[in-house]
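In TrEMBL this protein carries:
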| type | residues | note |
| --- | --- | --- |
| TRANSMEM | 23-44 | transmembrane segment |
| TRANSMEM | 50-69 | transmembrane segment |
| TRANSMEM | 90-109 | transmembrane segment |
| TRANSMEM | 129-148 | transmembrane segment |
| TRANSMEM | 157-174 | transmembrane segment |
| TRANSMEM | 194-215 | transmembrane segment |
| TRANSMEM | 227-253 | transmembrane segment |
| TRANSMEM | 273-295 | transmembrane segment |
| TRANSMEM | 316-332 | transmembrane segment |
| TRANSMEM | 344-365 | transmembrane segment |
| TRANSMEM | 386-410 | transmembrane segment |
| TRANSMEM | 416-438 | transmembrane segment |
Amino acid sequence: MEIEQRTIDFIPEAERYGKERDLFPVWFGANVNLTSLVTGALLVSMGLNLFWAVFSIVVGVSIGTILVASHSVQGPRLGIPQMIQSRAQFGVLGAIFPMLFVMFIYFGFSVSNTLLAAQTVSGVVAVPRSVSIVVFTLLSFAIALYGYKLIHDTQRWLTWIACAIYAVVFVIVLSDPPSLDFWLPVATKPGLVFAGIGVTCTFALSFAPYVADYSRYLPSNVSSKKVFWYTFAGIAVALFAMMLLGALLAVQIPTFSDNSGDSLAMLFGSFSPILYVLIICALLCINVFNFYGAFMAVVTTIQPFGNMRFGATQRAFVMIAIAIANAVLSYFGDGDFSTMFLNFIFLMSYALIPWTSINLVDYYVLRHGKYSVADIFDPDGIYGRYNPIAIAAFVVAILAEIPFISMYYYTGPVAAYLGNIDLAWIVGVPVGACLYYFPMRARLSGTGSVQTATQ
């Protein structure tokens, strides 16, 4: 198997292959992992009972996944990675600004997955966590280096293995179900429910910055509806199941969040090594997404300044730098995982939601999917170097969210007045969308520019 030759450049029609249904195992496999379980467990740790935890999962995951699947449609139509398409909104150089926030997301999830893997390994083998961190990082590096095809193949076989094993976990957990009291729609603080929806929505939405990376090799004439629904089904079905299982485990095992991998594996008794292997493999598969996405982000950031070409050697150097950064951050981030992860999810949402609203409004409402792909790579093309409209909308939307933020380290005045309800993720959508849509519509109407989705 050879290293992927393409990076952020346009995928010619002759090199495209696959079917819409190929997206289901990619996204199902990406979400059948311990990180998804821990997210479901967090809802119970926050104070929600099972009824409100399930409500938050269904509502939040549905909202987030609808947005992610809408981004996935862009891949076959444009034939380029997700974040480089942001140049059409922010400008070729201006897109670097949201790219920095996206890099934070990649590294945040990568560190979270690495720490969970190291935590799990320590429950099986008596090795220092630093060794587990290095080994897990090297494995992530190796798969991500080879790129698109190996990632697809890895997710495909993982999907069916994970389905079988986690089905057994469900049977074990439901053999001694929580009492009816945990399932009743008892009165609870609205702030907790909104926070729960925000956590699950943001977790699902975290795939938006790289979802089109895994659909861009599909032929341009595939069905957009099928691309949407196979992506939606892969993410939503996996997250519904895994987050529910995480919430159930948090109820039945109060210390589950302290060492989730060990707690889960112990359910299998003498067969626990099987689950340990699955947990680590699943975390490895999703961590590869973060390495691959971080690589794409770095290349997208560097490319406009010298029109550099990234062959196998350059790809390896960038990947090595990403691997080193991941190992170092994981080593120094090994502390209170639950608190760190919850605050990371909230922080991620404050930048991710304005970006996704701007991108989707531009693609579906303003330009109707018609772009000049060649100009996306040209700083002097029709999209320019910077688009002050998009940059201003992005920044103002983030600033507008601040009064509504409710975190462990900071609570905004509006959030405090409402009883520590975090509504920032709701505020970011209309503010970002409106501040971008109206001035951009006026500009496009004035220029009368016509674009096509061709190279």
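Using N, Cα and C of the backbone, Cβ positions are placed for all residues, glycine too.
At the 8 Å Cβ threshold, with sequence separation of at least 6, the transmembrane segment (129-148) lacks contact with the transmembrane segment (50-69), having fewer than 3 such pairs. In summary, the transmembrane segment (157-174) does not lie against the transmembrane segment (386-410): fewer than three C-beta pairs, each 6 or more positions apart in sequence, are under 8 Å. Remote same-chain residues near the transmembrane segment (90-109) are listed as 35, 83-84, 206, 209, 286-287, 290-291, 293-294, 297-298, 300-301, 304, 325-326, 329, 344, 347-348, 351-352, 355, 376-379, 381, 383-387, 390-391, 394 (criterion: CB distance under 8 Å, separation of at least six residues from the stretch ends). Contact between the transmembrane segment (344-365) and the transmembrane segment (316-332) is not supported: fewer than 3 Cβ pairs lie under 8 Å, counting only residues 6 or more apart in sequence. Cβ atoms under 8 Å from those of the transmembrane segment (23-44) belong to residues 50, 52-53, 56-57, 72, 109, 112-113, 116, 120, 151-152, 154-156, 158-159, 162-163, 166, 196, 199-200, 203, 207, 211, 214-215, 227, 230-231, 233-235, 237-239, 241-247, 249-251, 256-257, 260-261, 264, 279, 282-283, 285-286, 289, 338, 341-342, 345 of the same chain, restricted to positions at least 6 beyond its ends. Spatially, the transmembrane segment (50-69) is not adjacent to the transmembrane segment (416-438); fewer than three Cβ-Cβ distances between them are under 8 Å for residues at least 6 apart in sequence. Outside the transmembrane segment (194-215) by six or more residues, the chain places 23, 26-27, 30, 36, 39, 42-43, 46, 48, 52-53, 55-57, 59-61, 63-65, 67-69, 71-76, 78, 80-83, 85, 102, 105-106, 109, 148, 151-152, 227, 231, 235-236, 239, 243, 289, 292-293, 296-297, 342, 345-346, 348-349, 352-353, 355-356, 406, 421-426 with a CB less than 8 A from a CB of the stretch.
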